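As recorded in TrEMBL:
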SIGNAL    1-25  signal peptide
DOMAIN    38-338  domain 'Glycoside hydrolase 35 catalytic'
ACT_SITE  E174  active site, proton donor
ACT_SITE  E254  active site, nucleophile
DOMAIN    386-498  domain 'Beta-galactosidase 1-like first all-beta'
DOMAIN    529-584  domain 'Beta-galactosidase galactose-binding'
Amino acid sequence: MAAGFLTFVALNFACLCVSGNLASGKRSFSIDYKNNCFLKDDQPFQYISGSIHYSRIPQYYWKDRLLKMYMTGLNAVQVYVPWNFHEGAQGHFLNLANQTGLLVILRPGPYICAEWEMGGLPAWLLQKPNIILRSADTDYLQAVSNWFAVLLPKIKPWLYINGGNIISVQVENEYGSYYACDYNYMRHLQTLFRFFLGEDTVLFTTDGNTDKEMTCGTLEGLYATVDFGTDTNISEAFKRQRRFEPRGPLVNSEFYTGWLDHWGDQHARVTTEKVSKVLGEMLTMGANVNMYMFEGGTNFGYWNGKDNFVTSYDYDAPLSEAGDPTEKLLAIRDVIKQFRDIPAGPMPPATPKFAYGFVTLKKVKSFFYALLSTLSPMGPVQSHYPLTFEEMKQYYGYMLYRTTLPRDLSEPTPLISPLNGVHDRAYVSVNGVYQGLLQRDTALVMNVTGHQGDTVDILVENMGRVNFGSKINDYKGLLSNLILGKDVLTDWKIYSLDIDGAITGGWPHSARKQSNPPMKKELSFGPNLYMGTFPPNGLSWDTFLKLNEWTKGQVWINGMNLGRYWPARGPQQTLYVPGPLLSSNQPNNITVLELEGAPAHLRVLFMDRPQLNATTDKS
């Protein structure tokens, strides 16, 4: 299990060592039900916190972001632990938080939502086809118990009462929004948390501002908190919390400073004036407030939840996607000044940005499917019917399904996904010539032509698993048969594609130059890989990559997967490129997987500012 979040919390330790009753060994954090507040070292305490997701921010920048939060006047930071992120990741997030001087409100799940892939649950859970996630289902509880038996003992030394800086721990997350309403499940989690963290740890729940959500998400022994944004009647929301917690502190665990973006919609905005006004009103009431998000960050790689969340998680937050202070942050600091002393000194500046300019790419090979020996070195699995990503034990990215045409198709013949079984997009080629796509929910039929025995390649893209609601059992790949005219397509060769592994290993830039034969015009369409380099200029500053007139795909720079691009849909037009990813003295490698069609110019542009709200095409 990775310990990434542990170092993040520890960044605060130097400051905490000289505060409270640590010197006498009498640290405490508890709920004062008589006086409706938290007690920290036996003194009334009100937290002003902000959410930040270490999994969405390059580790190099963790300290910078935490320091900016501290200098805004926050005294706490709220942190999720995404279970699926920690299967192979390493890091040190809690240590950094401890050194900075911020207390920590920890939300370890096991489910976190967060617009994160499958809400933080690992996709390997779906290998049990009948598993009921977030319930007292035996298979699910066993997996959660095994995970928490590793995670929670690592958390215990970092509890404030044990000398660390974690003041409270959330159990599950917005469980009242889930259909199951399984109190036995919540009791099981409560037992695990108490067993591993002790009876004195403040455990809480967070739920939406409705009676149903609060009813199904709360449990006796777990302090019930509420979440809401700027358009909510504050008094009514806290009255609802009071119905479930008649005494104790008022808490808004997720006060929304912005909102999330979807492909095809406008970039979300929440005005600075609204955020400042409502924050001031809550603090005046003595409420404890966590601002969600304080910095959103980026869905690098394949970590976005659901199939329509964009790569940027900017969230219109006080710190931008690149961690830059905004007018909203300065306004929030002015509000906080009215309620507590804030640290003296200047706000750390925005990180420097640079426009590296245009880079021209070249196609890696005549067509994508000629690269299977590199991208799928283990070769195919043969199956009469299609297998899902989960059955193939490939959980993210792309997989190739290959079969042959069963008969001549001189006329366009419909290829149909009759049960909406393409999850999420399937790019169809015959003998290497791109013919079109099938897409979950929206494009279930396309036409195909060819001759008996022609190779049919279907590249399936997993665009991210559902992270919220009743459909988080979100299997990927071809979930059901495809029908071609009157024929069921069978006898598949299925290739797990390790594109990330190949690129991380230096391919295709490390491969010897290959002379490509002349290509027919149509081979520029459909899935193809492109590569390029741009020379060092002595700088490794943040930048933003724009793929003007490219259609849809994935980008890697120096082996790191930046995430998905889809400028044809928008609103996001640029990808954030962290400066530490770039070399100041060696050529920087770019690899692009374009899924539908590259522009003739094959150029990409590195800019010194983002474009997150361009005109969108909803078609």
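For all residues, glycine too, the Cβ spot is worked out from N, Cα and C.
Bear in mind that TrEMBL entries carry predicted annotations, made automatically and left uncurated.
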Cβ neighbours within the same chain of E254 (active site, nucleophile) - under 8 Å, at least six residues apart: S51, T206, D227, F228, N290, Y292
Counts by DSSP class (helix H/G/I, strand E/B, coil) across the domain 'Beta-galactosidase galactose-binding' (529-584): 3 helix, 26 strand, 27 coil
Confidence summary (mean pLDDT) of the domain 'Beta-galactosidase 1-like first all-beta' (386-498): 97
Structural state census, the domain 'Beta-galactosidase 1-like first all-beta' (386-498) (DSSP three-state): 4 helix, 56 strand, 53 coil
List of residues, in chain order, with Cβ under 8 A from that of E174 (active site, proton donor) and at least 6 apart: C113, T206, D207, G208, E213, G217, D227
